[in-house]
Amino acid sequence: MSKTLTITMLLFVSMAGWMFGADTGSIGGITNMRDFQSRFADRYNPVTDTYSYSSARQGLITGMVNVGSFFGCLISSPTTDRIGKRNSIIGFCVIYLIGVIIQVTAVPSWVQIMVAKIWTGLGIGALSVLAPGYQSEVAPPHIRGTIVVTYQLCVTAGIFIAACINMGTHKLYKTAQWRVSIGINLLWGIITLVGVSFLSESPRYLVSIGKDDEAIQVMCKNAELPPDSDIIQTEYKQIKSDCEAAVEGGPCTWPEIFGKEIRYRTFLGMAIMSFNQLTGCNYYFYYGTQVFKGTGMESPYLASLILDAVNFGCTFGGLFVLEYCGRRVPLIIGGVWQSICFFIYAAVGNRALTRKNGTSNHRAGAVMIVFSCLFIFSFAQTWGPAAYVIVGESYPIRYRSKCAAVATTSNWLWNFLISFFTPFITNSIGFKYGYIFASCNLCASIVTFLFAHESKGLTLEEINELYLSDAKPWMSRPKNLSEMAEAKEVEREETRPKGESARYLEHADSNSDSEDLSSSANNDVHEPVARQDPFNENEVEKSRTRPSQESYTTSSN
């Protein structure tokens with residue numbers, strides 16, 4: 001893959017994560033700005049000359065973006081099937097930009113802000129599925145993991161930069177306080193939109209619709225290799241085989257992901273992604289400014305900025321933690337660590353923060369901030385990135401898109417519930433809220449220990465066999481997973497009706513001459529997909545009589 005294209009993917013596609021992070025990191029500070037409160041808050045205290053929100057209005061302004069994200073995540077799958085990932089990313093970027101414009105131009109009506117948040121969420125939710133998926137399909141295997149993780153890195157970077165912008169604008173005059181913080185988000189959407197416009201469609205999508213020649217051209221361009229390269233041919237054959245397997249047995253339906261074979265992993269993915277929110281991370285990211293204001297800090301914006309900086313910096317550590325420590329151990333240890341941090345945070349806030357005379361104990365407030373940072377230190381390296389990695393690795397090809405969509409929507413659902421109900425809960429029980437998150441973190445560790453297998457270093461086929469085996473997650477995994485996966489594939493091939501082999505390209509000799517491949521990609525007669533069948537019985541029979549060095553030809557529409 002050329003350096004230019006690699007940098008382009010990192011900068012432009014990952015910027016979709018920046019858009020998500022920027023919205024998350026900015027809303028807490030914006031709702032605390034005086035001009036924003038004077039226009040959209042529903043309570044005013046003339047004695048103290050301060051504005052405040054009812055719990056319902058605070059929760060709706062903050063949380064409605066997650067409602068939009070929930071539905072955006074669901075509609076991303078059928079949209080991608082129709083127009084491809086690249087075009088879908090472009091379309092949802094436009095939706096996101098429209099939502100931001102509506103927010104910036106809001107009149108003194110909090111309903112407009114709420115509706116704009118829903119519209120913005122449609123784009124953010126869809127892009128949270130599409131961007132990592134596009135990267136994983138276009139990037140070559142040896143850098144695929146690094147490129148995909150940059151999405152999460154950009155999420156944390158967006159949160160941090162949004163906190164910096166809030167820090168710089170909260171003292172500005174009138175509407176500039178919050179319009180600048182919201183309006184700057186247009187930049188991230190425009191960067192993503194322009195960058196993706198110059199990228200190619202995913203080779204996997206092109207093969208799935210029969211445009212094999214175009215897919216090969218994209219792979220050659222990305223890898224800077226000729227069509228006869230072993231790398232190109234191997235990748236093409238794998239994609240072709242995957243696409244065949246994906247449609248084997250017909251399109252996957254929603255009820256099927258809760259069938260006997262896959263429901264264990266479906267519910268596990270939903271649990272892992274739910275606990276990703278129930279760790280309490282967005283308690284800080286959404287309401288950090290208000291939380292630290294309640295601890296007596298003179299500059300709650302600064303405290304929130306410090307927390308977001310820790311989150312951004314520690315995400316780099318997550319790249320190495322998941323690579324060398326696997327998935328299970330970081331999630332288990334991270335959950336226990338985070339539980340301890342929240343327990344201490346809640347205990348100090350509940351028992352030591354407020355003195356008997358009603359003043360704040362600044363030392364207690366400092367302790368709370370320290371343990372908040374320690375929580376983020378762990379989350380950014382464990383539950384932040386690892387939850388998405390587990391969901392991306394756990395499902396067979398045929399079920400992957402729908403299972404991942406269900407898991408991700410559970411994440412957005414809990415995201416909304418926490419963002420909406422947090423004002424109600426904190427107004428009722430204050431810092432005791434931390435005990436709830438401490439319990440959830442402990443439960444997350446237990447669920448991971450009991451149900452999540454270690455998938456580090458395994459192929460997707462081996463991971464599938466691991467979950468189908470009788471091995472317990474806390475026991476040593478079977479050493480013959482590769483043989484089990486191969487045996488299952490052979491069994492599947494033997495039971496396939498004659499003439500429907502999906503492994504013709506996969507088992508054919510990979511050391512092929514480039515002439516046939518190139519000429520086929522450029523000179524084949526293009527026929528509608530429905531009328532062509534390069535894997536029919538005659539073709540397979542012909543392939544057995546060809547010299548071993550003959551190249552593989554491709555058909556396209």
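Cβ atoms are placed via backbone N, Cα and C, with glycine included.
Taken verbatim from Swiss-Prot:
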type     : residues : note
TOPO_DOM : 1-9      : topological domain 'Cytoplasmic'
TRANSMEM : 10-30    : transmembrane segment
TRANSMEM : 59-79    : transmembrane segment
TOPO_DOM : 80-87    : topological domain 'Cytoplasmic'
TRANSMEM : 88-108   : transmembrane segment
TRANSMEM : 113-133  : transmembrane segment
TOPO_DOM : 134-144  : topological domain 'Cytoplasmic'
TRANSMEM : 145-165  : transmembrane segment
TRANSMEM : 180-200  : transmembrane segment
TOPO_DOM : 201-266  : topological domain 'Cytoplasmic'
TRANSMEM : 267-285  : transmembrane segment
TRANSMEM : 302-322  : transmembrane segment
TOPO_DOM : 323-328  : topological domain 'Cytoplasmic'
TRANSMEM : 329-349  : transmembrane segment
CARBOHYD : N357     : N-linked glycosylation site
TRANSMEM : 364-384  : transmembrane segment
TOPO_DOM : 385-404  : topological domain 'Cytoplasmic'
TRANSMEM : 405-425  : transmembrane segment
TRANSMEM : 433-453  : transmembrane segment
TOPO_DOM : 454-557  : topological domain 'Cytoplasmic'
REGION   : 482-557  : region 'Disordered'
COMPBIAS : 485-510  : compositional bias 'Basic and acidic residues'
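Long-range C-beta contacts of N357 (N-linked glycosylation site), restricted to its own chain and to partners at least six residues apart, with a cutoff below 8 Å, are absent. For the transmembrane segment (364-384), the residues of the chain that approach it from at least six positions outside its boundaries are 152, 156, 275-276, 279-281, 284, 292, 295-297, 303, 306-307, 310-315, 317-318, 321, 330-331, 333-335, 337-338, 341-342, 344-345, 348-349, 352-353, 431, 444, judged by C-beta separation under 8 angstroms. Spatially, the transmembrane segment (10-30) is adjacent to the transmembrane segment (180-200); three or more Cβ-Cβ distances between them are under 8 Å for residues at least 6 apart in sequence. Below 8 A, the CB atoms of the transmembrane segment (267-285) and the transmembrane segment (59-79) form no more than two pairs separated by six or more positions in the chain, fewer than 3 in all. Mean model confidence of the topological domain 'Cytoplasmic' (454-557) amounts to 52 (pLDDT, 0 to 100 scale). The stretch in closest packing with the transmembrane segment (405-425), judged by the count of Cβ pairs under 8 Å and taken from 59-79, 88-108, 180-200, 302-322, is 59-79. Long-range neighbours of the transmembrane segment (88-108) within the same chain, counting only residues 6 or more positions beyond its ends whose Cβ lies under 8 Å from a Cβ of the stretch, are 13, 16, 19, 39-40, 68, 72, 76, 79-80, 115-124, 126-127, 130-131, 134, 179, 182-183, 185-186, 189-190, 192-193, 196-197. Across the topological domain 'Cytoplasmic' (201-266), DSSP classifies residues as 44 helix, 1 strand, 21 coil. Among the stretches 113-133, 180-200, 302-322, the one making the largest number of Cβ pairs under 8 Å with the transmembrane segment (59-79) is 113-133. A Cβ distance under 8 Å defines the sequence-distant neighbours of the topological domain 'Cytoplasmic' (80-87), meaning residues of its chain 6+ beyond its ends; these are 130, 133-134, 137, 196, 199-202, 205-206, 401. Note on the topological domain 'Cytoplasmic' (385-404): residues 77, 80, 129, 132, 136, 148-149, 152, 242, 245-249, 252, 254, 256-257, 262, 265-266, 268-269, 272-273, 275-276, 315, 318-319, 322, 327, 330-331, 334, 411, 452, 455, 460, 463-464, 467 of its chain, located 6 or more positions outside it, place their CB under 8 angstroms from a CB of the stretch. Counting residues 6+ beyond its ends, the topological domain 'Cytoplasmic' (323-328) has Cβ neighbours under 8 Å at 145, 386, 389-390, 448-449, 452-456, 473 in the same chain.
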